[in-house]
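Engineer: Before we start, here is the structure in question, set down as structure tokens.
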Ligand code: ADP
Ligand code: MG
């Protein structure tokens, strides 16, 4: 970007300094970062394009919050702790009010999760936001999609389906009262990356994914990568009280199974570690529910009271539909 680019970066993005291992952050040709000893660096990137991933006139504070939170969720799903991020910002013009809101949202989340902005690029063009996050994890504690084994139990944190309900509200397909409205919107715009949960699972779970495309689709990725199948019980899939109040069972099942954007963790635990995960759950430290089991074969089978349940939608195309 031409004149004023540096001023712009200084004013809005020169904010975080106190992160681990930052020898040089914003301001030189590269950032210089020191990896924590004995750990590997986990890297993930997501791009949000205006008019495709969010309406161009959406609140910049919410766009920034969501963009960073969604990236942090990928670190959680790998079992990594956040360290640094970079930001690619493409904008049609410099709009100071937009920038102010964007920076506010960005640093609210960055401060909450202790992740430092260490660089980026700013260009003129159609509105798009790219964030790359960097985290660290001991290599033998990374939660890999390929690590599910037959006999493992499958868990999901929190509740699923709330973000899909939020989307229905945003699209005016669902009308809800004020408190439910606030509840659903906060779940959609401010998803909570499950970093604390991921940390607790260190040494207990070897395999996780974050539920971004929908539980069936994402558990399907675990199955594919691990060369296994999964059986889950519909009645054990956790949904919120709020969701139970605003929709019928069939709609709830669809949102919980195929709705995306919840950013919960779906993880597996081998039989010898079940006591440890249950102890965390019983102590109220970990909010997670066992929803089924990893089995031989391929694809995800859903059961309702022991009978095969055929979901209305399965989610994404790369999902294995052989189940
Ligand atoms: P270069 O010409 O070497 O690419 P830039 O002028 O693009 O350098 O950037 C100068 C400094 O500002 C670099 O440290 C870069 O990482 C940082 N920077 C540029 N854009 C952003 C942004 N959107 N967010 C954070 N840092 C940025
Ligand atoms: Mg540049």
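Just so it is clear, glycine is given a Cβ too, placed from its N, Cα and C backbone atoms.
So TrEMBL says this about it:
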DOMAIN    27-137  domain 'PurM-like N-terminal'
BINDING   29, 74, 210  Mg(2+) 3 binding site
BINDING   29, 44, 74  Mg(2+) 4 binding site
BINDING   46, 121  Mg(2+) 1 binding site
BINDING   46, 74  Mg(2+) 2 binding site
BINDING   53, 261, 316  substrate binding site
BINDING   120, 121, 145, 212  ATP binding site
DOMAIN    149-302  domain 'PurM-like C-terminal'
BINDING   213  Mg(2+) 5 binding site
Engineer: Looking only at the domain 'PurM-like C-terminal' (149-302), what is the model's average confidence as pLDDT?
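Structural biologist: Mean per-residue confidence for the domain 'PurM-like C-terminal' (149-302): 97 out of 100.
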Engineer: Which of these binding-site residues (44, 120, 145) have a C-beta closer than 6 Å to some atom of ligand 1?
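Structural biologist: Listed by sequence, the hits are 120.
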Engineer: Could you check which of the binding-site residues 29, 74, 121 is the closest Cα neighbour of residue 212 (ATP binding site)?
Structural biologist: 74
Engineer: With the Cβ atom as the reference point and anything under 6 Å counting, tell me which of the binding-site residues (29, 121, 145, 213) are near ligand 2.
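Structural biologist: Among 29, 121, 145, 213, near ligand 2: 121.
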Engineer: Using C-alpha atoms, which one of the binding-site residues 53, 74, 121, 145 comes nearest to residue 44 (Mg(2+) 4 binding site)?
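Structural biologist: If we rank 53, 74, 121, 145 by Cα distance to residue 44 (Mg(2+) 4 binding site), first place goes to 74.
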Engineer: Could you measure the widest C-alpha to C-alpha distance across 120, 121, 145, 212, the residues recorded as binding ATP, and give it to a whole number of angstrom?
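Structural biologist: Among the residues the record ties to ATP, max Cα distance equals 31 Å.
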Engineer: Residue 213 (Mg(2+) 5 binding site) to residue 74 (Mg(2+) 3 binding site): how many Å between their Cα atoms?
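Structural biologist: So the alpha carbons of residue 213 (Mg(2+) 5 binding site) and residue 74 (Mg(2+) 3 binding site) sit roughly 13 Å from each other.
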Engineer: Which ones are near residue 210 (Mg(2+) 3 binding site): of the binding-site residues 53, 120, 121, 261, which have a Cα within 10 Å?
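Structural biologist: Among 53, 120, 121, 261, the ones whose Cα sits within 10 Å of that of residue 210 (Mg(2+) 3 binding site) are 261.
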